[in-house]
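See structure below.
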Amino acid sequence: MGEAEKFHYIYSCDLDINVQLKIGSLEGKREQKSYKAVLEDPMLKFSGLYQETCSDLYVTCQVFAEGKPLALPVRTSYKAFSTRWNWNEWLKLPVKYPDLPRNAQVALTIWDVYGPGSAVPVGGTTVSLFGKYGMFRQGMHDLKVWPNVEADGSEPTRTPGRTSSTLSEDQMSRLAKLTKAHRQGHMVKVDWLDRLTFREIEMINESEKRSSNFMYLMVEFRCVKCDDKEYGIVYYEKDGDESSPILTSFELVKVPDPQMSMENLVESKHHKLARSLRSGPSDHDLKPNATTRDQLNIIVSYPPTKQLTYEEQDLVWKFRYYLTNQEKALTKFLKCVNWDLPQEAKQALELLGKWKPMDVEDSLELLSSHYTNPTVRRYAVARLRQADDEDLLMYLLQLVQALKYENFDDIKNGLEPTKKDSQTSASESLSNSGVSSGDIDSSQIITNPLPPVASPPPASKAKEVSDGENLEQDLCTFLISRACKNSTLANYLYWYVIVECEDQDTQQRDPKTHEMYLNVMRRFSQALLKGDKSVRVMRSLLAAQQTFVDRLVHLMKAVQRESGNRKKKNERLQALLGDNEKMNLSDVELIPLPLEPQVKIRGIIPETATLFKSALMPAQLFFKTEDGGKYPVIFKHGDDLRQDQLILQIISLMDKLLRKENLDLKLTPYKVLATSTKHGFMQFIQSVPVAEVLDTEGSIQNFFRKYAPSETGPYGISAEVMDTYVKSCAGYCVITYILGVGDRHLDNLLLTKTGKLFHIDFGYILGRDPKPLPPPMKLNKEMVEGMGGTQSEQYQEFRKQCYTAFLHLRRYSNLILNLFSLMVDANIPDIALEPDKTVKKVQDKFRLDLSDEEAVHYMQSLIDESVHALFAAVVEQIHKFAQYWRK
């Protein structure tokens, strides 16, 4: 092989010098702007575009790879031009050959002066530094310039310099390739012919450039020569072909931090200086300016879940004396206190007595797990003493849960020592029996009956317990003392605590909490035994209730064991209820109904008892009341009703809050009571599922016209019934949205003949739903048509009621959030899934970040989204078919 046929090359990684690039000339004409552009931007008239001679252009050059710059740009030096742009200048780029990646490209932008201190791009072009075979470019290249844009260094680039979009560019590209082949020795060199050929090539290129609408920038890349031999630069990376291990799975590496969990000395020093006792006298008379006052008002208005920043805590502490006149600010102040510092805690407790008394509903926050100081918790109990029995009953379920955050030793120490007493000779409390806690049946604590009595004492005549006026009561003592004064409170306190005592999950997971509830029940039993005759009657009636429920559970188990179909089980149920010798349920001494103790019952009517069509077959029972009437209930065995009990309690509370604002939305908060983790009572409301209404009557309006016709009312329906329907729809739409009630279909929406619509079956709450893509609220086409359609007056009234209800409930959001915060450790299925997110889920539904006006617009969007939810309609049809095939 001859010397001329050899290919000489050098690796790019071995050439440790900077890349150089020569900027040659710029060919082509710049297109002038239109007169309209000059009128809109008069500065154009003074730019280089309108100079008589060639304007003073300059070129910047920058290397890119993968869309990122590898170095700073460099530019040509100043040069004055007369007839053509010709820099003829070598630029030394701040990048060396070994540092160039395979996909490196150089971006060239031509700039023109545009006013003082500014420039505009004439055009840009980009070219890769390595060819498709990995050879570094050499020699001269004519690059197409894209007008009025900067060179694009991304990959792929939007300003390619080497392109063949037209026939003329194809011709120039073909000639450039032939020139390159001649330079590399792939053609026979004939001097006289070469000179003629190159001259002709230059003429063709000049002609093509002139006829083209684009400008062309000529650049030249360095050629490497050694010993009169030309070398090509081949891209090569040392050790680039070696395989490198790739981790298919990551591994966490734990790096020990010696300062982790250690005290931050700077923060501690700042905290001590900010809370110094020396600043107390000066803080006493401190008043905030307007800006600070607004900031304090914002902090006070925060929801109870909001964590205060260190700056906000310091601000509240600084103006603590000023805030003592604001009852809403007390909880925020107590959050600022570091209770581990004795002096700071002492200051806070001294100020607690001087603070303006907080509202009863706000004091519930102080009973949550976040407040462990016993004085603070007893202050909350002292505020609860101001609540009447009706309000206390609304919070009782949560207050029983709040016992989990009390001092268990204090509750245990409240038990009286074991001793025989003449008053208890007929029935000793379990604590005197010597039975160990592990062998305790919680229902036996209070089911040792006294001699029977004719009727329970009126709540107003119950004698006050001696410690009832004690301002230092803990929560347990307070609840027991109030229950001893009111038979209704005693009824619900007993059943709420009984359920906690019988909770097997708590017994296994947290034995101390289980033991605490047993001690609460013992103390309750002792308090009832210590009272006068009327108080001891309460204990006797609670024991009778427990016996009655136990017999009913025994009966339901016997019915469930019965083989055969539902009809046969119904017959067995009625037969057992009628057998007074075995069950003694149809004729009993007068006792309060556990579900609603104001109702006194004499037994169950056997002939009317029936079982529902469902897997667990709950029983519908009719109780004989004291006045000879009937009270229908549903008794469920094998089902945990605590979640339904919570939701109905919150709905009942919301109904009371709305009525307080003179807004009666005709809600139906039927009563639910869990008497165990496996059984309980539900009030039965005579009603028809909406699905059945649509099947039998065709529409909701037809149903109303059948049972409440009126010639003068809207659509031939009684105006009162239509008003009730519209209001109840609005109330439940807003409430079920806030509580995140899921699994809504027309079988668990019920309708009464008086127009009340209400929801049942709250197995999915807080955003959980077995169906995909549920709408924000259950509001389908059939329900809207029941109001007369989206254009009707009733539908507009429905929307108005939704807005009003939502705004009112937002104002009571703190109370509702406090109640849910006390339930986070309750064994309620949908809360136990994510207890730390429970309160946040409810808070998010209130949208407290919005103003009232914004909240109304937000509710509008929710209603519109729910009405037009197409997927929800499809799911409803699927559910309808599924129910059909089950039947």
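Glycine is treated like the rest: Cβ placed from N, Cα and C.
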The candidate from THR163, THR309, THR424, THR790 that Swiss-Prot records as phosphothreonine is THR163
From the set SER165, SER422, Swiss-Prot tags as phosphoserine just SER165
Expressed in Å to no decimal places, the gap between the Cα atoms of SER261 (phosphoserine) and THR163 (phosphothreonine) is 63
Judged by other C-beta atoms within 10 Å of its C-beta, the most isolated of the modified residues THR163, SER261 is SER261
